[in-house]
Amino acid sequence: MARPDLTARLHAQRALRDAQGRRRTRRTVTRRDGVRLEVDGQWLTGFCSNDYLGLAQQFSVVNALQDAAAREGAGAGASHLVCGHHAMHEALEREVAEWLGYPRALLFGSGFAANLAVQQALLSEENDVCVQDKLNHASLLDATRLAGARLRRYPHLDTEGAMRQLKHAPDGAAMLATDGVFSMDGDIAPLRALSLVARLQQALFYVDDAHGVGVVGDGRGAVAAAGLSVDDVPLQLVTLGKALGGSGALVLGRDDLIEHLAETARPYIYTTAVPPAMAAAALEAVRLARRDHWRRTKLTDLIALFRSEARRHGLDLMASETPIQPLLCGDDHTAVAMSTALEQAGWLVGAIRPPTVPEGKARLRVTLSALHTPEQVRGLVEAIANARDRVTLAVREAAPPPLPAFA
């Protein structure tokens with residue numbers, strides 16, 4: 001039997017994506033000014049960034065990065081366990097741990113690497129299992145597979161389903177993992193109920209709160225907003241690249257768990273540390289997120305305005321009170337057509353299609369920032385309603401005429 005040819009396979013897969021209209025392409029941003037982006041020579045108002053608090057270009061954050069780069073250079077020079085753990089890394093870990101009420105934190109280059117590190121280091125023996133929400137982020141789901149553990153999934157937000165899956169896997173050590181805020185739906189996991197499930201089933205409860213920290217509750221994220229602590233959620237992940245406007249991620253947890261990760265997690269051990277200048281920028285962003293409550297207040301007001309205007313225009317909202325506001329379109333073609341129509345009108349909103357979301361659940365993913373104005377929010381909603389009407393009319397006109405009726 002002939003060995004499969006990888007090049008032929010990838011060409012076949014690409015042809016299939018072409019046929020399905022699911023090719024992914026990058027857009028090059030030439031310049032950025034707050035929520036305004038220059039793309040292909042056109043200035044657009046963006047509603048697709050994760051810069052929820054508007055800190056990515058904030059003056060003191062950028063200044064902290066520049067000052068640290070002048071002192072420390074462009075890179076860390078080594079992995080954390082060799083000689084790459086700088087004072088700025090330590091200061092950032094301590095600040096975030098103190099803010100979120102955890103004993104310790106461990107800094108990673110990305111949330112994807114951090115999720116892999118947690119599962120690879122902890123789910124290390126045969127029959128170990130990770131039980132997850134079906135709509136968890138790809139990095140959580142992929143981490144289980146890459147760690148070699150068993151993956152069992154429960155229906156979205158279904159705590160009884162989580163309990164059943166844990167009961168059906170009694171032989172190995174168990175982890176119950178969930179997003180805090182779900183990145184494509186914008187809803188929040190029932191963390192208090194899930195923490196009880198984990199406790200009853202002797203599973204370690206792990207929350208990826210990438211989209212919650214800085215935004216949910218008083219800014220400490222979904223775990224704190226649910227009234228939970230390290231005793232309930234022994235490990236949680238927060239990213240620096242969403243509300244905090246930078247890059248990287250931290251895993252927070254009990255002393256014994258963080259020490260174990262530092263000593264055994266391969267994505268931590270075998271990679272160069274984040275540049276100290278990036279840690280300096282993140283540290284300043286954390287301090288602003290803790291201090292500038294007006295950013296969250298304004299963001300909350302903009303979310304309420306968006307939902308009110310969307311309902312007034314009859315748009316199909318999902319149940320989200322976070323900056324992630326998906327508008328269901330159903331089929332891929334409608335989502336892409338509406339995104340294209342919005343861009344032609346001066347708005348940048350991403351069309352999200354399978355496999356990122358389930359089949360038949362293609363959507364526009366609107367994300368709001370404290371940098372947006374009420375006028376921009378109203379303008380976007382009106383533009384979405386106009387795009388919906390245009391696309392609906394085009395589909396109707398392209399449909400074949402009905403067959404004649406017979407008596």
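A Cβ is built for glycine as well, from the same backbone N, Cα and C atoms used for every other residue.
What Swiss-Prot says about this one:
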BINDING   Arg24, His137, Thr356  substrate binding site
BINDING   Gly111, Phe112, Ser183, His211, Thr239  pyridoxal 5'-phosphate binding site
MOD_RES   Lys242  N6-(pyridoxal phosphate)lysine
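Non-local contacts of Ser183 (pyridoxal 5'-phosphate binding site) by the CB criterion (under 8 A, 6+ apart in sequence, same chain) comprise His137, Ala210, His211, Ile324. Under DSSP, Thr239 (pyridoxal 5'-phosphate binding site) is assigned to a strand (E or B) in the three-state scheme. Shown in sequence order, His137, Ser139, Asp208, Ala210, Leu237, Gly241, Lys242, Ala249 are the same-chain residues outside Gly111, Phe112, Ser183, His211, Thr239 whose Cβ sits within 8 Å of the Cβ centre of the pyridoxal 5'-phosphate site. Applying an 8 A CB threshold to same-chain residues 6+ apart, the list for Gly111 (pyridoxal 5'-phosphate binding site) reads His137, Ser139, Asp208, Ala210, Leu237, Thr239, Gly241, Ala249. In this structure the C-alpha atoms belonging to Lys242 (N6-(pyridoxal phosphate)lysine) and Arg24 (substrate binding site) are separated by 22 Å. Highest Cβ count within 10 Å among the binding-site residues Thr239, Thr356: Thr239.
Comparing local CB density within 10 A for the binding-site residues His137, His211, the maximum falls on His211.
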